[in-house]
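Per Swiss-Prot, the features are:
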DOMAIN    7-221  domain 'Radical SAM core'
BINDING   R16, R66, T97, K158, R262, L263, R264  GTP binding site
BINDING   C23, C27, C30  [4Fe-4S] cluster 1 binding site
BINDING   Y29, G70, S121, M192  S-adenosyl-L-methionine binding site
BINDING   C257, C260, C274  [4Fe-4S] cluster 2 binding site
Amino acid sequence: MQLLKDKFGRVHDYIRISVTDRCNLRCVYCMPEEGLTFLPHEKVLSKDEIVSFMELMVKFGIKKVRITGGEPLLRTDIVEIVRGLGAIPEIEDISITTNAMYLAKKAEALKEAGLTRVNISLDSLHADRFQAITRGGRLQKVLDGIQKAEEVGLFPIKLNVVLIKGQNDDEITDFLQFTKDKDINIRFIEYMPIGHAGTSWKEKYLPLDTIFKACDDASFEYEPVDSIRGNGPSENFRIKGAKGTFGVIHPVSAHFCDSCNRLRLTADGYIKACLYWDEEMNIRPFIHEPVKLMQLVQKAIDNKPENHEMALKLQDEVQSNKPTWRRMSQIGG
């Protein structure tokens with residue numbers, strides 16, 4: 001099997017597929033509140049195009065898929081997309097990232113279709129604050145979604161918490177306490193300068209050393225834990241006696257580019273080898289031309305930089321490439 005390897009020796013076996021750029025929320029770090037233009041439906045990859053693409057990609061070593069958006073559960077055919085991917089025997093793991101507003105309704109059908117596990121965005125445990133950060137989200141719907149995911153067996157359940165200075169950094173201890181009572185993995189993620197968030201991100205950025213300080217201040221004893229299924233770049237820990245775990249993902253303060261194994265496919269059919277850089281290849285016209293398609297995929301991988309240089313932006317230093325101005329919802333979070 002010919003593997004998808006870049007010039008730094010990194011083998012790519014994981015892809016994140018965005019199935020929509022639309023979302024029912026407007027999280028402050030992801031999308032502006034208004035003035036948005038979304039892709040016309042005919043510009044979005046169809047279920048058949050996604051499945052055909054993956055039937056080819058598995059022949060080159062891709063074996064893990066994460067479905068993203070926008071909010072993927074807005075797709076009326078999301079269960080059929082999962083079912084189509086689940087029918088490809090080489091795919092070992094199918095996961096989804098969701099805001100969970102519709103998860104309680106769809107978790108059982110998604111599990112039956114072949115979904116393996118779920119990541120849920122949850123940036124506050126206080127209903128009013130959660131509504132403010134998401135510009136309209138209802139915390140109880142997320143909690144109901146978590147419960148339903150537990151009931152149907154979508155394990156491990158991971159909660160993604162973007163740490164935002166002055167907005168939710170006073171809840172770190174509450175999130176850590178949450179892991180004591182539930183068998184879930186809470187992942188604290190540094191605020192990143194992507195798209196819309198890139199203009200004001202320094203005001204909201206906190207390094208993830210803040211998490212460990214909060215543990216120490218609360219007298220929580222913690223220790224590293226072995227790899228959690230699908231843990232990716234997360235460094236994981238367990239508070240003594242806790243049922244669950246917590247992790248830290250620090251793309252800015254300590255990048256993990258040397259072990260990056262992922263590609264991204266946008267909802268409109270562009271391959272991106274690096275989340276941060278602007279370069280992307282339009283593969284949609286060649287979905288049914290495997291030779292040309294794989295040439296473009298390999299070209300994207302060949303052009304992948306050694307690292308994303310987000311830390312240089314933190315220091316106002318010059319970067320070697322042009323950062324993306326796509327929103328996270330347009331790339332696929």
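Backbone N, Cα and C atoms are what each Cβ position is placed from, and that goes for glycine too.
Projection of Swiss-Prot feature records onto the structure.
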| residue | record | CB count, 10 Å |
| --- | --- | --- |
| C27 | [4Fe-4S] cluster 1 binding site | 21 |
| C30 | [4Fe-4S] cluster 1 binding site | 22 |
| T97 | GTP binding site | 21 |
| S121 | S-adenosyl-L-methionine binding site | 22 |
| K158 | GTP binding site | 25 |
| M192 | S-adenosyl-L-methionine binding site | 21 |
| C260 | [4Fe-4S] cluster 2 binding site | 22 |
| R262 | GTP binding site | 19 |
| R264 | GTP binding site | 22 |
| C274 | [4Fe-4S] cluster 2 binding site | 25 |
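Across the fold, the C-alpha of C27 ([4Fe-4S] cluster 1 binding site) and the C-alpha of S121 (S-adenosyl-L-methionine binding site) stand 10 Å from each other. Between the listed binding-site residues, namely C23, C257, L263, the fewest other CB atoms within 10 angstroms of a CB are found at C257. The two recorded residues C23 ([4Fe-4S] cluster 1 binding site) and L263 (GTP binding site) have their Cα atoms spaced 22 Å from each other. Secondary structure at C257 ([4Fe-4S] cluster 2 binding site), as computed by DSSP, is helix.
The Cα of Y29 (S-adenosyl-L-methionine binding site) lies closest to that of C274, out of the binding-site residues C260, R262, C274. Among the binding-site residues C30, G70, S121, M192, C257, C274, the ones whose Cα is located within 10 Å of the Cα of L263 (GTP binding site) are C274. Of all the Cβ atoms in the protein chains shown, 24 others lie within 10 Å of the Cβ of R66 (GTP binding site). Spanning the residues R16, R66, T97, K158, R262, L263, R264 that the record associates with binding GTP, the maximal Cα-Cα distance equals 21 Å. For the domain 'Radical SAM core' (7-221), the model's pLDDT averages out at 95. Cβ-based neighbour count (10 Å, all protein chains) for G70 (S-adenosyl-L-methionine binding site) stands at 29. Residue annotation for S-adenosyl-L-methionine gives Y29, G70, S121, M192. The furthest Cα pair among them is separated by 17 Å.
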